[in-house]
Amino acid sequence: MDSTTKKVRPGGASVLDLDPKSTVGGGVEDAYGEDRATEDQLVTPWTISVASGYSLLRDPHHNKGLAFTLKERDAHYIRGLLPPVVMSQELQEKKLLHNIRQYQLPLQKYTAMMDLAERNERLFYKLLIDNVEELLPVVYTPTVGEACQKYGSIFQRPQGLYISLKEKGKILEVLKNWPERSIQVIVVTDGERILGLGDLGCQGMGIPVGKLALYTALGGVRPSSCLPITIDVGTNNEKLLNDEFYIGLKQRRATGKEYADLLEEFMSAVKQNYGEKVLIQFEDFANHNAFDLLAKYSTTHLVFNDDIQGTAAVVLAGLVGALKLLGGTLGDHKFLFLGAGEAGTGIAELIALEMSKQTKAPVEETRKNIWLVDSKGLIVSSRKDSLQHFKKPWAHEHPPATTLLDAVKAIKPTVLIGTSGVGSTFTKEVVEAMVEFNEVSLPLSLSLSLSLHKPLILALSNPTSQSECTAEEAYKWTQGRAIYASGSPFDPVEYNGKVHVPGQANNAYIFPGLGLGLVISGAIRVHDDMLLAASEGLAGQVTKENCEKGLIYPPFSNIRKISAHIAANVAAKAYELGLASRLPRPENLLKYAESCMYTPNYRTYR
């Protein structure tokens, strides 16, 4: 990692010297007056040419709809192009929320929100930020899954960049077609493993669009600096190949050298066009590509895989939060995973790293507290020769167990984590076995520390239909004892007169704050210690009141504050590791992070 920071470019400049205009936002000029630090400044609604009159009302960056004052309407030639009323942003927000609530179907609400983003960007983010708990499931999981499945049918306006095999040799030119130049965060997918829905090809674009909306709303990364990209190498989904409305390449997926060469050209073009400090987030790539891409580019680019690393960080934070209810340390617990793909192995490795950090034991030793089950059963040493490389560290000495129930009975875990992508796999028998073990077989030292008859059950697969068990099932089958969190949201559950509020182990807790921390520090690489710092930042926001309600995550209503703390933690670690290029380091990283966060309030135009 250290050697990466010392690489010298052809011109003799170190990557640490590559610092454009040093302003808020980690070195990129705030062209649109988007950050909190520039909120009170007068701005002019133009970039290259003057935006005025009819064109101003069609520019989502600057359009305020009926909120334009009479003075602004005169100054920018829009008097008469709007009805005479001047309406505040708050009243506009109230009206739109009322309209969205009238829709019966989540997909209708999703489409209405996307239409708003195309008309009036600030109002879209204002609505989302102020009503995040209600609208997060609309713009992201679970509704985004249905949106991706039907993306060809609901496609109206292009969002983001589509780079297909037809663009091979021209990717740099395609990147230059994007109107914004100061890009800080790219979310890219090839659509092969969208949520738990499989290969959706080009229609996976809904995921990068949704993720970047959350980068802005939850993490305060400017919308103008976000770029969603879909790489279209074909699809193996027969239904899409035979769909006349499918918007992608109608061919089987490219693999091997053809695939690798396209990704290599893409990664090189991104760095050439946007520089060393642009964050590239890999999203919903299939296992066989995800691990290879992360390993290949993590030493040469600022890259992050949300499915491997983001999921791991948010789950680790939940586990640390759960210790306030369960007692003991991470090392006192035994973990069993159903699912040994990107999410499962990524979470397992970060837990092992954190245990190693706490106990000073080698990570090879701490891995022995963590067991994984895949489609063929418990991963044990006798299967090592047939395992994929990313599963081999988890092949411990133990007799085989072919079912999850057998594995639970054999391993006796205190924590059960589902990352299988298959719904209803935490059966009544499995959950009841967890309760039975947690009642009678815990080490005395651990069971005395707190009431530890509480199995921790994390059913993380998305969307809701793929959850390993529902919140209601978890509480019912454990007689209300379970500490439960899921990947998609579930409503509170009443059991025996007590209301249980399920947690949501949503990556949206982590990646927006992580991204902001990388941007404001001008980080050039992502290090594992930054992920641990992000987890610690999130876990530190779990209050005593949250714990008393059985919550292992703080409420989403505080997400902007949470993201600022995570960003400050991540930035501090970047400076500590020598991976930050924004120098000198700000004295108060939390205040600096807050000052760099995008705010959606309307600006006053000259």
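Here, residue 1 is simply the first one shown, and the rest follow in order.
From the backbone N, Cα and C atoms, a Cβ is placed for every residue, glycine too.
Summarising the annotation, TrEMBL assigns active site, proton donor to TYR140. Annotation source TrEMBL lists active site, proton acceptor at LYS211. Among the features that TrEMBL reports, divalent metal cation binding site is placed at GLU283, ASP284, ASP307. Taken from TrEMBL, the feature domain 'Malic enzyme N-terminal' applies to 117-298. The annotation region 'Disordered' is assigned in TrEMBL to 1-31.
Features recorded in TrEMBL, as mapped to the structure shown.
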residue : record                             : contacts (Cβ under 8 Å, 6+ apart)
TYR140  : active site, proton donor          : GLY210, LYS211, ALA213, LEU214, ALA508
GLU283  : divalent metal cation binding site : VAL187, VAL188, THR189, ILE207, PRO208, LYS211, ASN305, ASP306, ASP307
ASP284  : divalent metal cation binding site : THR189, ASP190, GLY191, GLU192, ARG193, ILE194, LEU195, GLY204, ILE207, ASP307
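Listed in sequence order, the residues THR189, ARG193, ILE194, ILE207, PHE282, PHE285, ALA290, ASN305, ASP306, GLU342 complete the 8 Å Cβ shell around the divalent metal cation site centroid, once GLU283, ASP284, ASP307 themselves are left out. The least crowded of the recorded positions LYS211, ASP307, judged by other CB atoms within 10 A of its own CB, is ASP307.
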